[in-house]
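Following: one structure in structure tokens, then a few remarks.
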Amino acid sequence: MAGGGGGGGGGGGPKHDDLTPHPVKDQLPGVSYCITSPPPWPEAVLLGFQHYLVMLGTSVIIPTALVPQMGGNNEDKAVVIQTLLFVAGINTLLQSFFGTRLPAVVGGSYTFVLPTISIILAGRYANEPNPHIKFLRIMRGTQGALIVASALQIIVGFSGLWRNVARYLSPLSAAPLVALVGFGLYELGFPSVAKCVEIGLPELILLVIFAMYLPNTVHMLKSIFDRFAVLFTIPIVWLYAYLLTVGGAYRNAPPKTQFHCRTDRSGLIGGAPWIRVPYPFQWGAPTFDAGEAFAMMAASFVALVESTGAFIAVSRYASATPIPPSVLSRGIGWQGIGILLDGLFGTGNGSSVSVENAGLLALTRVGSRRVVQISAGFMIFFSILGKFGAVFASIPAPIFAALYCIFFAYAGSAGFGFLQFCNLNSFRTKFILGFSVFMGLSIPQYFNEYTSVAGYGPVHTHSRWFNDIVNVIFSSKAFVAGFVAYLLDNTIHRHESSVRKDRGYHWWDKFRSYRTDTRSEEFYSLPFNLNKFFPSV
């Protein structure tokens with residue numbers, strides 16, 4: 001707006017325009033490329049590679065933590081990481097073509113780590129003297145549990161059951177869920193940066209400078225700096241970490257510091273084969289245990305809720321309309337197929353929507369579907385060419401943790417964005433919002449604290465699988481916050497007309513069905529005329 005009027009007249013009071021609140025937006029403005037508008041090919045390829053780099057963190061951190069506990073060596077670890085990347089590439093393509101059709105990366109999930117550790121500690125593997133055979137047996141047990149657990153999301157998604165749940169979601173109950181999908185991962189942010197602060201902190205500071213300050217200083221290169229900040233900063237800090245390693249800065253450091261800081265400690269480049277295509281049942285035939293399958297099902301259910309929040313954040317940052325419940329349900333069904341593939345290939349981990357990649361959409365302001373499909377191509381390509389992929393996978397973890405500080409924050413703030421639809425002067429709104437976020441942080445904190453002191457969760461009965469189910473569910477901040485908000489929002493004075501408006505329910509009325517808003521067809525319709533055979537309702 002032209003600033004003509006400010007101090008010209010004598011009164012100098014604020015103009016009427018200045019006092020009107022910001023208008024409510026169904027679609028997020030300011031996004032450079034939305035779902036259906038891809039950037040030029042060279043830019044799309046670079047942006048796709050950036051998404052691949054960002055999702056590498058989780059894909060490396062989880063196997064690095066789990067495989068040694070299973071009894072696996074560096075070669076096993078490299079193969080598990082390759083398999084995880086390969087399946088993530090397939091799942092991301094499936095999700096972007098046939099699932100929600102959002103630019104969501106589907107990769108490894110921390111939610112499944114707890115039941116996997118429970119399988120590692122199972123009594124029947126304790127007496128195995130040969131570490132490699134122990135690794136194979138535990139991996140096959142994990143596969144069996146994942147195969148059974150995938151059925152939950154496949155049935156809940158494709159039957160339309162989740163569609164009926166999502167129809168009762170309002171902006172008020174979505175806000176705590178989406179917020180804690182991002183903010184709830186705070187333990188993976190600065191605490192991990194601080195494990196090697198001389199590498200993590202420079203990455204964090206540089207990323208903020210490149211993404212936020214430089215674009216406004218150097219106007220000619222504005223879109224280059226804010227779009228490719230990750231590609232600029234990672235090589236700079238990685239080179240710096242390499243020079244520190246070669247220069248002998250960590251020669252006398254404790255083993256833990258060396259592991260986090262050195263660029264040659266991952267053991268991946270030596271352990272990775274040159275070319276290897278992951279294939280189903282590569283570790284042998286899966287084994288099944290009812291209790292472990294139940295615990296993994298609980299993780300699958302938690303991942304389903306967390307992915308719902310992440311899908312909502314992705315739809316926002318891709319400048320799409322709110323995701324219709326039937327499309328969300330379809331996406332959950334395909335995510336279930338993704339977990340089935342995890343079980344068949346043996347990734348040692350389940351799948352959910354990558355929160356850090358949702359944050360990257362916000363940083364780059366590019367929500368194009370094609371970019372994420374290209375990144376899936378990179379995942380599959382580098383998982384087959386093992387040595388090349390291992391070079392990128394050996395980036396020190398504190399560098400990834402620095403990225404998480406920004407991307408998880410962006411994903412969480414998407415949740416706060418939904419409060420624009422709610423009446424924040426209503427005490428009902430304040431109670432539901434405050435209580436759900438507080439309990440979402442407080443209950444998992446209790447469970448995690450108890451576990452770190454006692455070595456087991458607060459629920460400690462003779463039935464191990466029951467303990468795992470309860471501990472997995474209440475350790476997820478997003479799940480607890482989303483569940484509390486959804487329950488309260490749909491039970492407290494729900495039928496009063498003013499309440500319907502206070503919770504923002506009326507804003508989403510036209511998106512509750514696929515057909516009531518014309519834009520749903522543009523963003524969410526299936527390719528190859530498949531909507532004829534699989535209509536959305």
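Any Cβ shown, glycine's included, is placed from N, Cα and C.
Here TrEMBL flags 1-13 as compositional bias 'Gly residues'.
The region 'Disordered' annotation in TrEMBL covers 1-22.
Residues of the same chain lying 6 or more positions beyond the ends of the transmembrane segment (49-67) and with a Cβ under 8 Å from any Cβ of it are 76-77, 80-81, 84-85, 88, 105, 107-110, 113, 116-117, 120, 135, 228, 230-231, 234, 266, 268, 348-349, 354, 356-357, 360, 364, 371-372, 374-375, 378-379, 382, 392-393, 395, 397, 400-401, 403-404, 407. If you look up TrEMBL, you'll see 49-67 (among others) marked as transmembrane segment.
Here TrEMBL flags 79-98 (among others) as transmembrane segment. For the transmembrane segment (79-98), same-chain residues at least 6 beyond its ends with a Cβ under 8 Å from one of its own Cβ atoms are 55-56, 59-60, 62-64, 66-67, 72, 104-108, 268, 272-273, 276-278, 282, 330-331, 334-335, 337-338, 341-342, 345-349, 351, 369, 372-373, 375-380, 382-384, 386, 389-390, 393, 526-527, 530.
Feature annotation from TrEMBL assigns transmembrane segment to 104-123 (among others). Away from its own ends, the transmembrane segment (104-123) comes close to residues 51, 55, 58-59, 62, 65-66, 69-70, 84, 88, 91-92, 94-96, 138, 141-142, 145-146, 185, 188, 289, 292, 295-296, 298-300, 302-303, 306, 310-311, 314, 331, 335, 338, 347-354, 357-358, 372, 375-376, 464, 468, 471-472, 475-476 of its chain (Cβ-Cβ under 8 Å, at least six residues beyond either end).
Cβ atoms under 8 Å from those of the transmembrane segment (144-162) belong to residues 112, 115, 119, 286-289, 292-293, 295-297, 299-301, 303-304, 308, 325-326, 328-340, 342-344, 350, 537 of the same chain, restricted to positions at least 6 beyond its ends. Taken from TrEMBL, the feature transmembrane segment applies to 144-162 (among others).
Per TrEMBL, the feature transmembrane segment maps to 196-216 (among others). Long-range neighbours of the transmembrane segment (196-216) within the same chain, counting only residues 6 or more positions beyond its ends whose Cβ lies under 8 Å from a Cβ of the stretch, are 222-223, 225-226, 229-230, 232-234, 236-237, 240-241, 244, 257, 260-261, 363, 396, 398-399, 401-403, 405-406.
For the transmembrane segment (228-250), the residues of the chain that approach it from at least six positions outside its boundaries are 46-47, 49-50, 53-54, 198-199, 202-203, 206-207, 210-211, 257-258, 261-264, 360, 363-364, 395-396, 399, 402-403, judged by C-beta separation under 8 angstroms. Residues or ranges marked as transmembrane segment by TrEMBL: 228-250 (among others).
Positions annotated as transmembrane segment by TrEMBL: 371-393 (among others). Within the chain carrying the transmembrane segment (371-393), a Cβ under 8 angstroms from the stretch's Cβ atoms is held by residues 33, 38-39, 44-45, 47-53, 55-56, 59-60, 78, 81-83, 85-86, 88-90, 92-93, 96-97, 103-105, 266, 268-269, 271-278, 357, all 6 or more beyond its ends.
Per TrEMBL, transmembrane segment is recorded for 399-419 (among others).
Taken from TrEMBL, the feature transmembrane segment applies to 431-448 (among others). Under 8 Å from some Cβ of the transmembrane segment (431-448) lie the Cβ atoms of residues 172-173, 175-176, 179-180, 184, 419, 422, 457-458, 471, 474-478, 480-482, 484-485, 488-489, 492, 503, all in the same chain and six or more residues away from its ends.
The transmembrane segment annotation in TrEMBL covers 468-488 (among others).
Beyond the ends of the transmembrane segment (468-488), by six or more residues, the same chain brings 111, 114-115, 118, 168-169, 172-173, 175-177, 179-181, 183-184, 291, 294-295, 297-299, 301-302, 305-306, 308-309, 431-433, 435-437, 439-441, 443-444, 447-448, 451, 457-459 to within a C-beta distance below 8 angstroms of the stretch.
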